[in-house]
Ligand code: BES
Ligand code: ZN
Ligand code: ZN
């Protein structure tokens, strides 16, 4: 699949997608004629296609964008996604997508939305099918205003690297746990680092032990697959002392341990490294785009399995920070690995702010469903920046409260902390547990248990299975405001 900016028409491509506002006159007279019929009005998400005989069978695919005043990148993204899937159904090998000017989207934003909608909608994970339905298409964004082509080309290059990051995350999560385990996740990170231009250092058991990461090691103890601490560094701004720390939960499989999950809850737990996949995808996009920021990402990768050596409910363990933890449930393992990963990134990598990304609680899924990531934070300004970034991407986030009463719920009678706070407010107490280790740094905790994996497609360009969330938002959050004026 390739996407480029190039003027094409039906003499050079097999199909042309034409986005149409319902209440704005389209320059093509025939489009206006069709809008006057009952076949197609240009309503949001409406798709209409017809065939033309121009040296072979060709297709015009009209897609509705709704009202011009209400235009948004999200509407454009999903409309393009829908139309692109129609082109796939028609087995189109060369596809033009007409650039369309929108009230609330700049030229760069338009090109980005077109690329995101088409590439993300065409994503499939079919490498394990012996009979694959192969589909490949060359896409051309046509009719970009002449004077805007240079800027649009730049933006297309940027967004392609971001989409590559999303696809990296989707692929890593979709791979099963017999293929992606700590060692292979680490080697994937190394090869992605080589391709994208970031440094990767991998620590084995001995080094992890010598760092005192007892909470992390304890979770991985029951598995034959040995834990790895994966450290990724991209220093894009040597003049700045600021470093954003990204910590991704990297449970390559979560059986629950002795607090064993029932099969229905366990079967998708290859996705419990969704946070790790997201931070790898994000740092890759940042590095490829040579963004002027410093970022360090850390993944404490291990598997939560059962054996004679596994940890048990009731165990009391220590952590790199020295805080002791009463383990009441071995299925609340993510926060134990994150506690040490956060301590490591703050103390050893000297990051100035922390974002942890984790498939942490089923409660997040119950509270917010599969479309919205739950957030816990100690910093209003940092949260505000996250929301600003998310307005660009269409990914949703919602902050939960972090009042002191909730913090009391994870204090233990016999140790400093306990790893579960009871049945109530499960997403908050899990987040606040991680917050105990951030040492006052501005911090965002993103619980992606609901959003990184979906049982049904939640939008036109998010497919079933791994979604790659929240790579796109993390990219813009770390990069900072683009300065092109606010747009949706
Ligand atoms: N990996 C799970 C959380 C999860 C659940 C992710 C569903 C994706 C979909 C996590 O390790 C877990 O098992 N959490 C427990 C915590 C509980 C024991 C306090 C949960 O949510 O039930
Ligand atoms: Zn668990
Ligand atoms: Zn887990």
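Note that Cβ sites are derived from N, Cα and C of the backbone, with glycine treated the same way.
Keep in mind that what you see is a predicted model, and the values were worked out from it rather than measured.
Among the candidates 239, 254, 413, 416, the one that TrEMBL lists alongside 331, 333 as binding Mn(2+) 1 is 254. Take the Mn(2+) 2 site that TrEMBL assigns to 249, 254, 333: the candidate from 237, 268, 272 listed for it is 272. DSSP assigns residue 335 (active site) to a helical segment in the three-state reduction. Listed in sequence order, the residues of the same chain lying 6 or more apart from residue 254 (Mn(2+) 2 binding site) and placing their CB within less than 8 Å of its CB are 261, 266, 269, 272, 303, 304, 331, 333, 334. Using a 10 Å Cβ-Cβ cutoff, residue 335 (active site) registers 30 neighbours. Each of the recorded positions 249, 261 was scored by the number of other CB atoms within 10 Å of its CB, and the largest score is that of 249.
Reported as a whole number, the C-alpha separation between residue 249 (Mn(2+) 2 binding site) and residue 335 (active site) equals 8 Å. Take the CB of residue 333 (Mn(2+) 2 binding site) and look out to 10 A: across all protein chains shown you find 29 other CB atoms.
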